[in-house]
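Scroll down for the structure; my scribbles are underneath it.
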Amino acid sequence: MKQFSAKYAIAVVVTAGHALAASTQGISEDLYSRLVEMATISQAAYADLCNIPSTIIKGEKIYNSQTDINGWILRDDSSKEIITVFRGTGSDTNLQLDTNYTLTPFDTLPQCNSCEVHGGYYIGWISVQDQVESLVQQQVSQFPDYALTVTGHSLGASLAALTAAQLSATYDNIRLYTFGEPRSNQAFASYMNDAFQASSPDTTQYFRVTHANDGIPNLPPADEGYAHGVVEYWSVDPYSAQNTFVCTGDEVQCCEAQGGQGVNNAHTTYFGMTSGHCTW
C-alpha cells in the first residue's frame, strides 16, 4: 500500500491551488497528544479496550445482539471527563450495516432539520440509543462537573458522530473525536458545524481525523448526497504533530483528494496503531 509522506503531502497542498490557503501544516503537541490518546481508545475498542491509558476507568458495556454494535462508557478522573467509545466494524453483521448506504432521516434528533445519515449506521444507532443516553445520564448524575467526550473509528466514528449529535440536544460540554469517519448528508454536516463550533479550527469541539489516503472518508459517495463538515485533521507519514495538516473548506483537498478506496492500510492504522492489534 502506497504511503503518503509529509514531503508528498506538502506538494499536494501547494499544487492544489485554492486548497493552499485553506490548509496549514502542524498542530500543537498538546492537541496531537490528545488525538493520539483518543485514537488509542478507539483502536483498542476492537479488542476489549486493550492497552488503554492507565488513568481511564472502564465502565458499562454498550451492546446490541441484533446489530452487533459494541461500545463502552469510560471515565477519566484525571481529566474529569466521561468518555463514550464505539468499536468499528468487527463482524459480518456490522458489514451489513456498512453496505446500507440509503440516506435515512435522523428522526431521533428533530432539531437537526433535513438531516439524513447513512442508513445502516442509523439502524445501529437506534439499536443502542436508549442504553447510551441512560448510561451517560447515570455518569453525569454522579459526576456533574465532568465533560463529555465521544470517540470511535470507522463504523465506530459514525456511531460517535450520531451519539454526539444526539447528546448535544441535552448537554453543551461535548467533544467529538473521530478517525476514518464516513460521510452523512450536508444538512447533518452543517448541524455538526454549528453544534460543535466546527467552522474553524480555533473554536471546534469536533475533531475529524483522517490518515494518508484512507479510503473510508470517501464513502458513501458525494454524488449520492453525502458530505463532510468543514474542519479535517489529516495525518501523513511519518506521523507527528508537525505532519498533521489542518484542512478547512473544500473537503476534497486533503485525505479525500488522495484517491483511496475503501478499507486500506491507511484506514486500519492511525498514528502507528492498527485496529485491535494492541501492540502500542
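Each Cβ is built from the backbone N, Cα and C atoms, and glycine gets one as well.
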The residue that Swiss-Prot pairs with CYS278 in a disulfide, chosen from CYS50, CYS112, is CYS50
The correct three-state DSSP answer for CYS115 (disulfide bond) is coil
ASP98 (substrate binding site) falls, by DSSP collapsed to helix, strand or coil, into helix
